[in-house]
Each structure stands twice: as structure tokens, then as C-alpha cells.
């Protein structure tokens, strides 16, 4: 039997049927304890779970789907992953380590020269194409912020290999530069970063040469051997290469992960962005990356910075990089076998199409590069099928439209429902307050769970090795926290409708604010406001006990939920894996920060995904169901936190990064006597002491060590600023393992000229280092100018003084590096110098063999000294 009753119109909804269960009627504007909505039999909960499962499946498909790889027998005029991987195999497995100054980098240079010579021969046989090759060794210096530390980056003899292709008679046209680097960082053979990009570049060049259709504009494929030394080769190209004036635009190929997902995350010049969007076979990109880099949120960079007209460079262009599976990035796990098959095919297909589109744009007159071309653009892809782009000037009114629509919806719904203005305002404010409290709790509760788990188990970052732990620990806690405000302050019927409208209006206002700041990421919030508006339009359909009436409401928010799941999933995975190189934070509270950060980040993403669904959940479930769900979710989170205590933070698949080195440290400034030490440091919050404790076969005693300080590893700059570790007294190196021979690296003064009325002096100096390597100079004193750059770098010290840091690297052999300093006459100048050589020692190899398999070790030999003048 169905019973009905009427309620006054100004109290909200007209009627709701009895669900057949005790206490099943719903009051308008609130609900009695124990009341149940149309899903009182839990069927609505099943609908929501199904909806979430479908959304997760779609988001996973967007993230992990990739192209079908083509084999060696694929047609010669198309891109083939298998052919690209033959170059990756040679560079990463046969040659191996390719650090600047190492024999491997020089071997890679020779290999690439052979490859471009072969391609040039094939191109010149066509008759409608001319090809040239060029080999350059660039030198120079640039003042920049290196990981938020101001320094000069100086370099000598960094190699570049180039292949130039041009249609006959069009060599005067600007060329499209396609750039990839082939050097690797210390401790890594760099299969993904960035031998994979070099393989893509070579295979794209070959497939273009083999095509019957001629190219429409000149192309310059550049393979540089100096990116890991902070983009030195790219800077040398734009400042000193004779080819720099023949380039009109560029495409930079990068990789930060072996799992693929090549994303366009930065651009210079609107036409370059639009050419990518139109030409890419599998367009992927988001303006969020552009905003993050512009705001200096990401302490990393690529060759894009040196090539882009918005930074140090000269050209418009795009920056593309893979981001999934970043755990092996800059470790010995970045191997040929780790590269996920199909990802190179997707990357190469898109680059091939983008080159064609760029060439088409550049075949006639170069696109206009007026000041308006530097205007920010909003861009994002729709399930890697196509890309949407629009100017920020368009975004101003486009992002205003949801706000205007929401106002109209609000007025219309209030008129139809007959609700008083006061009641409308009350519900709007209630929805906004619940949403704000929900956001706070969604971030705070998972963060607190992470801290408590670390306190209870003593194991931080347990999710780094096993990402599923982060899902089990943080997602249920975030969901429970997100729904708690609506469980505490129940709402139903039209009250829930006005909650959705109120939340949407605030989201829309936030979008407008970010738009006015010039942040394209505001599009995400604008899309949220649109989703909320659509939900408000179909919201009346949920009245009654028929569960199918929830479908229009859920469908209207599907894009918002799925896109945020996909975006959030990529962000969370990438942040989790990059937290292993953010630096060794304070040893007391630092171990809690990663878990707190990941918990809060996951909580924010869960809140974004569920934001507009929360009032709907509150409207169609009883308080008993809500609180039962909250308790169940929190218990499940606690259970996952407890069960994860048996796991280790690292694994052989996702290792801990360690740098170790034998160091010869000068006993007294300007002296000839050195004392040997052995150094071990790490770049994450888990200390070296804990690694030693878990290494029973390691013959190193923590009690015999002293804490390492930044000056111990000056050569390691800027990573020495964020590393922590230990050092031990060590026996001297065997003579055959000493990279500098019989004489330690040193600084020698060759001249001293007093100038300007005896007020300043010009000192001619030389670095004597016997063999090339990496290093850094830390100069203190009243320096006025130097030979490296026009301006000095300057870093404040604790004693109110200033340090002037110069990072140095050299690839080819050269025992002497001359430079000069101008200083105040009569004042002392102190120069600390550290040199890093990329080689191992017998003792370091023995230590490495005794460490657990969940460590990845970068090894070197360093010399540190101090010279005063």
C-alpha cells in the first residue's frame, strides 16, 4: 500500500513515496534519523559503485592504451617501433653509460655520426632532396636557476650531431628542428631517457626519406650529447652554432618514464601548439604542465628552456615527454627491457604527423610571430582522440558562461519550486559550506592516516614500491571524509539541488579568478561548473523510488569524473615516483612529509571526482547507510595500512637511489696533501643509516661515520644541496683507479694585473684536471666580474656573504680550462672546487654488491680542494 501526503511548496519537494521500509518517508529540507531515499534497499549504492567502476575503467583505458607496435618488416615509408628500438638497443645495451666526459658518450657520438651519414646518402639518392651532416663541439656558459639555486652553467666541447634535409631549391627556407639528447645521467644507461627519443628521431628521419612524397620544408634533426648536464648542448646550439640562424621552429623530444604516455606539456607560439594538435596521430596534452613550469612548481627542466623564444632561445616550438613509470628515471633500472612496447610506436606516429603539419605551415611564409602569438592558450586532449585549444582572451568570456547559466538555472528552479529567497540562500550557503568542509577533511584525513601509519610502523613511503597500497590506504579514507559533512548535516530533495548549484557557482568563480591570473588550468574548474549545471538541469528526475532516474544525473557528471580520474591518476603516480628524488628532508619530521603529501593529494583528487555526486548521495541514501559506509571505509583504510606494514618502501622494480663516491679531500687550503674518504648519500627522506641496517653483508659501520656536509660533494652540485648521507675514512685509491693520475686537480694563477687606479685586479687562472669530468666552483670574496658570463651568479650565505657558483662540464679531453676573475685589489678570493669523474672503484663495487637489490647506485670518484688568492 502506498501512502502520500502533501507538504507546503515553500518547504521544497512536492512528494516522495514510501519505500516500503520502516521510517521510509523523506522530509523536505531535511530527513529524520533512519529515513531512507529511493535506494533504501541499498540498490542506489550498487548504482554508484557500478558508475565508479565504469569511470575508473575508462580512465585506465585513457592512461594505458597505446598503439600497436610495427615490426622490422613494416613498410619502409612508415614509422616502426622495432626499427627505432634497434638504435635504443645499441645506445643503452651495447654502449651503455653515456655521461658527458665518459668514453660511452664519445662512442655514442661516433655511432650517431655513422647513422646520419648513412641516412644522408639515401636522401641524396632521391634527386628531389638534399642532405647535409654536421658535427659540432659547443662551448659557452649561461646564468640560470638550477633547481632553484642561482648558478652559472659553463661547458666546453659538448658534442652535437646533426642531419639536415631539404627539398631541392628550398634550403633558404627556415628549417624545423627536431631535438633529442643521447647522453645519460650518472648511474644510468638511459634507455628511456633518452635513447628512446634518439631512436624515434632516427626512425622518423628514415621514414621521411623513404616516403615517395617529398618533404615540404627543410628539417634539421639534432642529436645532442649534453642535456643531463643541465641543457648545455642546446644552449651552445642557440648561442654559437652556425645552423641556429637556419631554424624557424622546433620539436623537443624528452622522456621521464619508461611506461609511455607522451604528453605535450609546454609550447612557445600559438601556431606551434595548433600544429601539434592538428598533426599528432595520438594527441595528448594538458595546459596544467605549462602552468606548473611557468610557476616554477616543478624543479626540473628540458632542452625546451634553451630553445624556446620564451626563455633563453630563439624559436617557437613544443615540448613532448613520456611520464608513466617514472620510478626507473635516472637509475640503473632505466633499461631497454623496461620500455613498454607500443609506447614508442605511439610517440613516433605522433611526432611523424606533427613534423608533417609543421612543415606544411612553414612551407610558405613563416607563421606570424607577433606579440599576440605569445598570448597564453588553453589546451587539453579528449581521450587522445583530438585536442581542444582556445586563447585566454576567449577563456575570459567562455569561462563566464557557466556562471551566467547557473544563475539562470537558480532563478528558474527557485521560481518553479516556489522556495523562498531565504531558503534558497540558506541551501546555497549550506552546500558551499559542506563542500569546503569536505575538501578540508578529504585532504586532512588521508594525510593524518599517512602520518599515523608511519608512526605505527616506522616505514615511510610504503606506497613507492607498491602503488596499490596508496589506493587501499588513502582512497577509502578520502571518500569517507568527503561524504562526512553531508552525513552530519543531512539534505535531500531540492536542498541537494541547491547544494549542487551553489558548489558549481563557487567553482565557476574560482575558474574566472584563475583565468584572470592567466592560468589555463582554470579550464578544469570551468568544466566542473558545466558538469554541475547539467546535473542541476536533470536533478528533478531523481524524485521517486525508481533507481533508473539516477542515470541522467550520473551521466551528466561522467566527463568530469572520468577526466579527473585519468588526470589525477597520472599526477599521483608521477608525484609518488618523483618523491624519491625531491631531496633528503629534515630527518625528524621529514619521514612523515611524503605520506602526508600523497595522502592530501589523493584526497584532493577524490574530492574533485566526487564533488557533485556527494549531494546526490546524501539525497538518495539514509543517514544510517552513510555512517555505515563511512565506518566501513575507515576500517578498510586502517586494515590496508596495517597489512602494508609487512612491505618494504622499495623493490627491485622501483629502487632507492644512492650515490656513492671515493673522495680525495684537501687537508689544508692550497696544500698538496689529501685525505681519502668514502661517501654515501641519498635524495629521499629515508636515511642511509636505514639502508646500512638492512644490509647485513655490508662491511660499513655507522658508528665509524660522520654526517656528510654540502661542501664534501661540491662536484655534485646542485644535488649536494638536497642530499644527506655519511662519510667514512677510506684507504687511498689504487694507482690504476686514480682518474687524475699523479697530480690532483687544482687551480693555478698565471697572471695578476692591477687596474683602475689600483682599485681592482684581474686574475688569470686555470683549472688543471688531467681528464674531463663534471664539477663546480664555489667562489667567495669581492668578485666584480668574470669570464664565464656578463653577470655574476649569487647565492646568499648564512654569514651574510655571497657565494658565486659555477657548474662546469667538459666532454673532450683537455687538461686545462682557463678563466679570469676581476676582484677588489688587496682582498682575498677563495675558490672551492670539486671534480666528479664517472668511473667506479673496486671498493665501491664491493659495497654495491653488498647492498639489497632494491637499491640503485650511481658511482663516481671525486676530488675536493680549496684555493685562496
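Backbone N, Cα and C atoms are what each Cβ position is placed from, and that goes for glycine too.
Listed in TrEMBL:
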COMPBIAS  7-21  compositional bias 'Basic and acidic residues'
COMPBIAS  22-31  compositional bias 'Basic residues'
DOMAIN    169-352  domain 'Peptidase M28'
REGION    1-37  region 'Disordered'
TRANSMEM  42-64  transmembrane segment
TRANSMEM  396-416  transmembrane segment
TRANSMEM  428-456  transmembrane segment
TRANSMEM  468-489  transmembrane segment
TRANSMEM  496-514  transmembrane segment
TRANSMEM  520-539  transmembrane segment
TRANSMEM  551-571  transmembrane segment
TRANSMEM  591-618  transmembrane segment
TRANSMEM  630-650  transmembrane segment
Same-chain Cβ contacts of the transmembrane segment (496-514) under 8 Å, 6 or more residues past its ends?
396, 399-400, 402-403, 406-407, 409-410, 413, 424, 427-432, 434-435, 521-526, 528-529, 531-533, 535-536, 539-540, 611-612, 615-616, 618-619
Can the transmembrane segment (428-456) be said to touch the transmembrane segment (551-571) if we require at least 3 CB pairs below 8 Å and skip pairs under 6 apart in sequence?
no
Answer yes if the transmembrane segment (591-618) and the transmembrane segment (630-650) have at least three CB pairs under 8 Å among residue pairs 6 or more apart in sequence, and no otherwise.
no
Pairs of Cβ atoms less than 8 Å apart decide it: which stretch in 468-489, 520-539, 630-650 has the most with the transmembrane segment (396-416)?
520-539
